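Take a look at the structure below.
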Amino acid sequence: MQPATDTIAAIATAPGQAGVGIVRVSGPRAMAIARTMLGFEPKPRYAHYGPFRDRQGELIDEGIGLYFPNPHSFTGEDVFELQGHGGTVILDILLREVCSLGARLARPGEFSERAFLNDKLDLAQAEAIADLIESSSEQAARCAVRSMQGVFSKRVDNLVEAITHLRIYVEAAIDFPEEEIDFLADGKVASDLQGLLEQVQQILGEAQQGTILRDGMKVVIAGRPNAGKSSLLNALAGREAAIVTAIEGTTRDVLREHIHIDGMPLHIIDTAGLRDSPDEVEQIGIARAWEEIRQADRILLMVDATTTDKTEPHEIWPDFIDQLPRSAPVTVIRNKVDLSGEPLGISAESHQTAPVIRLAAKAAEGLEVLREHLKECIGFASTTEGGFLARRRHLDALERARDSLLQGQTQLEGYGAGELLAEDLRAAQDALGEITGHLTPDELLGKIFSSFCIGK
């Protein structure tokens, strides 16, 4: 992508009526538009209160005009803002007048795109702006601000720099064999490579938490009919989201509730009871339940504690466990312990294949233990000091970088192949470069910025 040469404009505030509405202009004609609508040439970075007029001198509105010359603006271009009254009609009139003076309507995210193209921010920072706007909790907002300030980008850049230094050392040994640099003998390359792997794994772990904080953790409640799945959904949601009866098969479709636990967003999904059923509608619900189960970040296997004393998933329901993906994380929920006489709490002994939580969903007893467990499942701390938000594409890039480094380690240890190691280091660099936008295809850039709201 090349920096733009035309002038764009958009309403930068949310649609609807409000006390203040903003029309934003960016590009080479920003000053000319400002001069026409204010009636004078505004002083840079000063708030000028007065009338906004059209080309014929007719009054449109009055408010504050702000002018920011390049490169000291959000986009890196000349920027002019009209801050007037927030009515839909008046903002549309202002925008039409601005466009008649040589601007065009901005595409979604085009202001942030221009800031990226003019090196005012990198791609991860630009995405953080959209994440800040869309944040669903205070902690997500705070982490988005840190990403916007470059906390995540700096970590990635430092890692890329370290890979670059190691790559230079390895390629020097390849290109200048007469210097007799033996990068196997002193262990420097192996040590540095291991350090890089530890760094990328640490960043990946933090990015996984940031992704869950942004997107939410998908928790699916599964089990046989009448195990108490809907009662648990209601208890966690704090309302009667699902109908609860003693009739088996009451829940026939997927029910979703979005909740927060100490700022962590969770998508709690209640599913139809799993069984062989001749009922066509129930069969559809069960099929949908399996779709959700296979995509879950955490599966809560609900067990009626009054019907069995088993705690191992394979012993409780071998057919169910055999159908799960191998990596599917399962927590056994022994429900109705107020009837079975078992104590509330959690047991997660080393010999257990899955944690076991004992609670009484209908009586809302033992829920705090479950909430704490869900936080621990993703390594979520009550504080997000130093944390950042991340996206799925960031995880993919970090995983590819890690895999390239692991492959390079194999080449080094198994064959002493410097050429192959150098290529793996380059692949890791390229993957990390996609995060900040240094090596990102134009098609992906367009897709990312088009998901932003207009005016950003």
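Glycine residues also receive a Cβ, built from the backbone N, Cα and C atoms like all the rest.
Sequence annotations record features per position, and here Swiss-Prot assigns (6S)-5-formyl-5,6,7,8-tetrahydrofolate binding site to ARG24, GLU81, LYS120, LYS456. DSSP gives ARG24 ((6S)-5-formyl-5,6,7,8-tetrahydrofolate binding site) a strand state. Taking all protein chains in view, 26 other C-beta atoms sit within 10 angstroms of the C-beta of ARG24 ((6S)-5-formyl-5,6,7,8-tetrahydrofolate binding site).
The domain 'TrmE-type G' annotation in Swiss-Prot covers 216-379. Averaged across the domain 'TrmE-type G' (216-379), pLDDT for the predicted model comes to 84.
The K(+) binding site feature in Swiss-Prot is assigned to ASN226, THR245, ILE247, THR250. Every protein chain shown contributes to the tally, and the Cβ of ASN226 (K(+) binding site) ends up with 21 other Cβ atoms within 10 Å.
Feature annotation from Swiss-Prot assigns GTP binding site to 226-231, 245-251, 270-273. Around the Cβ of SER230 (Mg(2+) binding site), a 10 Å sphere holds 25 further Cβ atoms from the protein chains shown.
Residues or ranges marked as Mg(2+) binding site in Swiss-Prot: SER230, THR251.
Counting only same-chain residues at least 6 apart in sequence, those with a Cβ under 8 Å from the Cβ of LYS120 ((6S)-5-formyl-5,6,7,8-tetrahydrofolate binding site) are PRO71, PHE74, THR75, GLY76. Taking Cβ-Cβ distances under 8 Å and a sequence separation of 6 or more, the neighbours of GLU81 ((6S)-5-formyl-5,6,7,8-tetrahydrofolate binding site) in its chain are ALA12, ILE22, VAL23, ARG24, VAL25, GLY65, LEU66, TYR67.
Summarising the environment of ALA272 (GTP binding site), the number of other Cβ atoms within 10 Å of its Cβ, over all protein chains shown, is 27. Between the alpha carbons (Cα) of ASN226 (K(+) binding site) and ALA272 (GTP binding site) lies a span of roughly 10 Å. A gap of 9 Å separates the Cα atoms of SER230 (Mg(2+) binding site) and ALA272 (GTP binding site).
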